[in-house]
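What follows is one structure encoded as structure tokens, with my remarks underneath.
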Amino acid sequence: MKDSYMAEEVLITPPGKITSFLRPMDSSKLKAIEEMNESPTHLTSSLLAVAFLTSFGSSMLYGYNLAVVNSPAVYIKDFYNRTSVSRNGTGLDGEALTLMYSLTVSVFAIGGLLGSLMVGMLVTRFGRKGTVVNSTVLVFIAGSLMGFSRICGSPEMVIFGRFVTGIHSGISLSVVPMYLGEIAPKNLRGFLGLVPSLFICAGVFSAQILGLHEILGKEDHWPLFLSLVVIPTFIQLMLLPWFPESPRYLLIEKHNVHATIIALKWYRAKCNIQSEIEEMQEEQRSLSSVETVSVWRLILDPLVRWQLLSVVVINIGMQLSGIDALWFYTNDIFKNAGIPDPEIQYTTVGTGAIEIIAGLIGCFTIEKLGRRPLIIGGFLVMGFCCAGITLSLVLQVHLPFMRYVSVGCVIGIIAGFCIGPAGVPFLITAELFKQSHRPAAYTVGGSLNWISNFTVGFVFPFLQMSAGSYCYLVFCCVCLAVAAFVFFVIPETKNKTFVEISQMFASKEAVPETQCLGHLDQLKLRKMNGYGTLENGSLEFDSSSSVP
């Protein structure tokens, strides 16, 4: 006699709704479906194209804008001074000029904070892809302001343009990983989730290359240099609207079954689309409400406390790891190592190439190694190298060869950051939360990321003056603490569905999802409540009515 099981199937009715019903299923058919669900989904050209388009037109601009103001700094300050002379008859003193240029650099982070606070509202109203497409208008506004600033004789246009690009970067840093995390199958979520971080490194490298004196690093070219951000965004705007929206957003939030099926067929090749729809339905049933949760409700929700704490720690640790502060000291380290001043710019370009290589290593190893080894290993490497920089700077007065150790530590920090901490925090934020909580989680994580970024840039000069070479020990402690937190708290999420990941954080008092049936004549189906924990006896069906 064949074993019988109660199997839930999806019935797509003419009105466009999904209906669940129970019917018996023999063990051979159940086994076949389980094998189909476990088989890996291959990387399709559509998935790869979307990952490249969104990252090229959005994420890359973040890296580009981080580095673009370094090369033309002298020319921008001279423009500010000459504008002051033409307006007021006198130039700016040293403090005022430094203040204006510092505002030009730091206002990017202020815009990023504002953009990150808008993410939850935008993705709920426009969708994931829709937000990426609609936010491109900010890039064109910013590019026009910065590109025509010298013609108009307006430093304010440069500063406001930097602010607007910051808003766009604050939005894209959260929305792009969210979009890619939702369209990717679970066996490719790690690879696609690190593509944006790879393009961030490519953006930094592009700014370093174009900023060379032989290319755009001349006085006449700095407005063009700042406004080149419109080119990748224009390419994205022309192509990305042809691709579908996130299937999870379409089904769980918009209840559009037809569009969901079309999107899944677009992004998948030879896979069981029905099984993916069933997995989305499972997530939908596990939500206490399909409506998007606000940031305040997310903070007060005890069922996601550990997930939220994990996002807070890794996003703050990402910026307080010292990677941004490193650039304040890079030129001095290279100079102390005996590199001639004219060649330091080329050495800096070399560090950008190392970023890309490390990012590629992270992309192609994350699905094999998992998230935890990359982020723990990355923070450990950064922590030890921060300690190494302190040691080498202290000892190089007595031991000349320590100058080269400091250069190696700089390279180690960059490589360690780009392999894991640069991209995995954004990926983990998508994986630790389900549909209703994800936008609020990205708002929290993105806001803390930008606040920490601004804090490091503001505090580091004072920390350097007071602690000297020992300032990097602070970053060493942060890196080691974050690595320890990830090791003890955050589970491995590789090849797990969003529901399975949320169950890992369920409280110990929660009822297990699968229990042995106490009686053969009774089948109890327990519904998951608000977030990953289970309600007792929420649904009950008598098996005698369904099983022959």
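Cβ atoms here come from the backbone N, Cα and C positions, even for glycine.
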Subject >> Listed range which TrEMBL flags as transmembrane segment, given the options 157-179, 249-271 >> reply: 157-179
Subject >> Segment-segment contact (the transmembrane segment (191-210); the transmembrane segment (99-120)) at 3 or more Cβ pairs under 8 Å >> reply: no
**OP:** Would you confirm whether the transmembrane segment (46-64) and the transmembrane segment (132-151) meet the contact rule of 3 or more C-beta pairs below 8 angstroms, pairs 6 or more apart in sequence?
**Re:** yes
Original post:
Is the count of Cβ pairs under 8 Å between the transmembrane segment (157-179) and the transmembrane segment (99-120), pairs 6 or more apart in sequence, 3 or more?
Top reply: yes
Original post:
Most CB pairs under 8 Å with the transmembrane segment (99-120): which of 344-366, 373-395, 401-428, 440-463?
Top reply: 440-463
Original post:
Based on Cβ pairs under 8 Å, which of the stretches 306-329, 373-395, 401-428, 440-463, 469-490 lies most in contact with the transmembrane segment (344-366)?
Top reply: 401-428
